[in-house]
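K.L.:
According to TrEMBL, the protein has these features:
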- A:20-37: transmembrane segment (TRANSMEM)
- A:49-68: transmembrane segment (TRANSMEM)
- A:80-98: transmembrane segment (TRANSMEM)
- A:126-144: transmembrane segment (TRANSMEM)
- A:164-181: transmembrane segment (TRANSMEM)
- A:193-221: transmembrane segment (TRANSMEM)
- A:242-259: transmembrane segment (TRANSMEM)
- A:265-282: transmembrane segment (TRANSMEM)
- A:289-309: transmembrane segment (TRANSMEM)
- A:417-435: transmembrane segment (TRANSMEM)
- A:447-471: transmembrane segment (TRANSMEM)
- A:483-502: transmembrane segment (TRANSMEM)
Amino acid sequence: MSSIGQQIRAQLPYTKRNAASLALLIFAMVLTLSAFAEVGLARDGRLPLGLPLYGGGLVILGFAAYFVQAKFAPYADPLLLPLAVALNGIGLAMIYRLDLDTSKTKLDARAAGQKLAEDEASAPGQLMWTFIGIAMFVVAVLIMRDTKNGEGRFAISPKTMQRYTYIVGLSAMILLLLPIVPGLGGQVNGARVWIFIGPFSVQPGEFAKLMLVVFFAGYLVNKRQAMSLIGKKIGPLSLPRARDLGPIMVIWFFALGVLFVQKDLGTALLYFGLFVSMLYIATQRVSWVMIGVGLLAIGIFVATLLPFMGHVNQRIDIWQNPGPYFDGGCLVKSGEVVPVNPDTDLYKQAAAAGSQLPGQTACRKLGGEYSDSGQLLKGLFSLGEGGVLGTGLGQGEPWRTPLSFSDFIFDSLGEELGLTGLMVLLLVYALIVQRGMKTAIAARDPFLKLFAGGVSFVLALQVFVIVGGVTRLIPLTGLTTPFLSQGGSSLMANWILIAILVRMSHDARKPAPQAIQDEGMTQIVSTR
Amino acid sequence: MNMDKPLRRVAIFGLLLFFGLMAQVNYVQGSQADKLRTDRNNARQYLNLFNEPRGTIMAGPDVLVTSIETKKSNPKYGRVYKDGEIFAPITGYFTNSGGSGGLERAYNLLLSGQDKRLANQEWFDTFIGKKAKAANVQTTIDPQAQRVAYNALKASTTREGGAVVMDIKTGALKVLASFPSYDPTTVAPQTGEAGVKRFDAMNRDRAKPNVDKAMSEVNFPGSSFKAVVAASALENGISKDSSVPAPKTFLLPGTNTTLPNSHEGGACEQGQAPLIVTFAESCNTTYGILGSQQLGKDKVTDTAKKFGYDQRIEVEPNMSSAKSTFTLPNADGAQTALASIGQGSNSATPLHMAMVAAAAANKGKIMKPYLMEKVVSGDSQNVIEEADPKEFGQAMSAGSADQLADLMREVVRSGTGKSLAQFNIAGKTGTADIDGVEFNNRWFVGFAPVENPRYAFAVYTVGDGSGGEFAGPVAGKIMQAVRKD
């Protein structure tokens with residue numbers, strides 16, 4: 001029986017689908033530009049001032065990306081680029097909508113000489129990062145271009161990465177360590193995941209994510225036979241040899257350790273899921289998935305016991321019962337939650353005593369742990385406001401949610417585009433992931449299979465962790481929403497991810513190289 | 001060893017993750033949206049309430065409530081109530097904390113322009129986000145009759161009073177008056193701190209000016225409740241001419257207390273009398289015996305429930321009456337006898353009593369009372385919502401209802417309401433002693449005109465004297481005002 005991959009390959013058309021890709025790309029651009037126009041009309045009563053710049057820039061870069069793809073990866077999956085452009089464009093329109101510095105009211109007030117605080121949402125910044133992100137895509141596809149005679153100068157393909165498995169793994173570790181280097185890294189919103197280089201702030205974890213996929217893929221391809229076949233069997237579980245599992249456990253513990261130190265639970269969850277899924281793809285052993293999940297459970301249990309990781313079990317409590325934590329709640333020893341929000345006497349007393357953070361001070365006096373579910377609930381209120389059809393772009397009040405432009409951008413979109421819009425966004429994500437998975441299955445090379453499967457799954461998992469968090473499906477942990485959240489590192493990393501998938505799908509879908517000679521004509525030369 | 005199978009499984013798992021997210025988004029935005037919008041912690045529902053003018057509330061051609069610009073930034077708009085004291089039970093109030101009552105609360109979303117139906121009137125306006133103008137609410141109230149009712153209540157009572165008039169064919173409320181009252185303008189947004197203090201003071205005031213006496217407060221209905229006992233009798237095989245007990249006194253079962261009649265002599269001392277005579281003369285003994293022995297608690301309770309007892313009548317969304325009660329669940333014979341003449345544990349709102357009269361006048365059918373005639377969009381003048389008269393229930397058979405109506409006519413022809421003949425109304429008088437004070441609850445519950453009735457009413461006032469003498473004329477004056485339109 002032929003494998004599923006062979007069946008799919010047999011059915012693949014091996015045709016270039018560039019016209020379809022172009023049509024979809026134009027649709028994605030029309031969608032984006034309409035979104036911009038509506039934001040301007042609804043919010044300010046006029047078309048956005050920067051529409052020619054924003055729109056023109058996006059169109060030029062979009063077409064550049066298309067032409068590079070059509071020339072250098074002509075057999076690429078036609079959906080990936082348009083879907084990514086659509087997501088990026090809608091996210092950009094939403095950030096423009098949330099950046100009230102671009103609104104007519106604020107511009108007029110500034111012109112009248114009023115001094116106003118700047119918004120945290122920054123549409124020009126995000127626009128720049130979008131340009132850079134798409135440029136990264138172009139450059140990545142160019143570097144990974146398919147050359148007729150093997151590899152040209154400076155041309156590398158995803159396959160090339162396999163040669164540098166350990167170097168890439170080491171780089172990932174260094175990148176993850178950077179934020180805890182004093183003077184370079186910094187803490188934002190409780191998580192120490194940023195490094196500051198001059199005026200720029202970078203989240204190295206976003207890039208480390210891709211590198212870890214490369215490392216896991218490269219390593220597992222070499223070892224998977226040994227890992228799945230050799231080993232002790234204890235009951236239904238089969239354990240691998242220590243020397244096969246050792247290096248991968250080292251890097252895994254290292255990653256988790258760094259992340260616990262950085263207090264970035266979401267990323268830890270993401271890497272963990274990535275690790276387990278790739279291990280499963282490589283070895284087909286369900287028992288290993290079980291071991292992995294068990295390890296995670298132990299990890300979380302240990303985390304709840306550690307005093308300095310107190311916010312882990314509190315996050316779980318907030319998830320189940322956010323109400324009392326609104327604007328500040330205090331989990332006391334008895335398991336009860338005492339509200340210490342600004343309306344309570346406890347808060348007022350602490351404030352009167354001159355405390356900078358009255359909620360926390362009041363809670364410390366009670367001997368409990370302080371936390372605040374205000375963000376989560378405000379995000380949910382935002383979703384509730386949207387309902388099924390949404391308020392319409394520019395017509396809601398999504399800026400009432402803190403971090404409405406980054407962690408909670410999905411809720412902001414939910415308010416203005418409604419349930420309908422969110423379903424579309426989730427479908428777009430699901431399509432990208434499934435196209436990636438299809439590429440993995442259709443790929444011929446085991447390393448590329450693992451690589452493509454890994455990057456696709458990591459995208460799905462990231463969307464699940466953050467979107468599930470802001471919709472209260474799972475406890476909230478901070479992660480960026482791919483392509484939508486404000487932030488350069490995330491955009492660049494995700495555009496590179498799309499470039500890799502585009503190149504790999506080109507490889508998988510292009511016709512197999514023709515044999516130069518007929519087999520019948522091959523002379524077999526005996527060496528004896 | 002091939003990796004396609006695990007890859008496919010992981011791909012399916014990835015899809016399941018997305019299905020999970022989709023299900024959750026559907027749950028949150030589809031089924032939880034309203035709950036989230038009105039969550040206690042959700043500040044959005046109180047913001048922007050004062051930045052846009054609210055819609056008007058009208059009664060006939062009269063504009064009862066309008067928004068005015070305050071020329072301040074917060075609140076930008078205030079609220080003015082014309083003849084506020086007279087119309088307060090209908091309009092309700094709207095305070096500077098966003099709290100509201102009455103129609104202000106029932107149609108808050110429409111009055112504040114937030115209702116989704118308003119935005120969809122012009123698709124292009126929706127597209128560019130032009131805010132919908134607030135909608136205006138037209139009430140069923142007859143403004144002239146309402147004024148007459150309020151002034152008559154004020155003039156006739158020493159403490160408090162309430163009056164209800166409803167259209168028996170539709171359930172539309174024509175009058176919903178209460179005294180003492182308050183002017184909602186004094187607690188409107190523009191009054192600031194003073195309004196908050198005034199509101200607190202009202203809540204502490206023992207006269208409860210902010211609780212309307214027409215539907216939100218219960219009192220002893222006195223003999224007017226005999227209409228319900230009579231209805232129960234008529235439904236259970238007794239006709240208006242059947243002979244029923246009418247002794248001089250009735251020894252309350254299980255006690256040494258005797259229940260006397262309200263007056264000496266007349267039909268109530270004959271031992272036996274036709275039902276219609278005992279009704280006209282309002283014999284306490286007859287109805288005590290009917291309620292506690294001949295019919296029994298269960299049958300009367302049954303009838304009372306059909307008239308809307310034991311439930312809050314939802315006149316408009318978030319605007320319900322108080323609950324009228326006949327007896328407590330474990331009432332004994334003596335307590336049931338007292339309740340059957342509208343005393344003891346019996347307490348009712350004028351709205352419920354008007355519904356009793358409506359059943360008598362309308363072949364036993366009661367229409368659900370309502371206040372909103374229509375809601376009109378402020379932009380397009382389209383009708384967004386319109387009154388949809390609904391049946392509340394069939395309280396008794398048409399035959400019994402006609403007989404009960406005859407009983408009520410007899411009251412004014414020859415009984416305790418003789419002095420009211422000039423007003424062309426029929427009904428039952430009621431006078432209930434209040435323990436420890438010299439005042440009585442005085443009631444007149446009935447319908448008008450006498451032949452081919454169109455309206456049912458209930459008037460309740462507190463003061464010296466009887467229902468026939470004092471509540472009856474108030475009802476007569478109100479009904480003269482109503483019939484003019």
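From the backbone N, Cα and C atoms, a Cβ is placed for every residue, glycine too.
Nobody curates TrEMBL annotations by hand; they come from automatic prediction.
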K.L.:
Looking only at residues six or more beyond either end of the transmembrane segment (A:20-37), which have a C-beta under 8 A from one in the stretch?
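P.N.:
Same-chain residues near the transmembrane segment (A:20-37) but 6 or more away: 47-48, 51, 54-55, 58-59, 62-63, 66, 69-70, 76, 78-79, 81-83, 85-86, 89-90, 92-94, 96, 393.
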K.L.:
Considering pairs 6 or more residues apart, do the transmembrane segment (A:126-144) and the transmembrane segment (A:483-502) have at least three CB pairs under 8 Å?
P.N.:
yes
K.L.:
Which bits of the chain, at least 6 residues beyond where the transmembrane segment (A:80-98) starts or stops, bring a Cβ under 8 A of a Cβ in it?
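P.N.:
Distant contacts of the transmembrane segment (A:80-98): 21, 24-25, 27-29, 31-33, 35-36, 39, 43, 48, 54, 58, 62, 65-66, 69, 119, 121-123, 126-127, 130, 133-134, 137, 393-394, 398-399, 404-405, 409, 412-413, 416, 425, 428-429, 431-432, 435-436, 481-486, 491, 494-495, 498, 501-502, 505.
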K.L.:
Quick check: do the transmembrane segment (A:447-471) and the transmembrane segment (A:164-181) share at least 3 Cβ pairs under 8 Å, counting only pairs 6+ apart in sequence?
P.N.:
no
K.L.:
When only pairs 6 or more apart in sequence are counted, do the transmembrane segment (A:483-502) and the transmembrane segment (A:193-221) reach 3 or more Cβ pairs under 8 Å?
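P.N.:
Counting Cβ pairs under 8 Å, at least 3, so yes.
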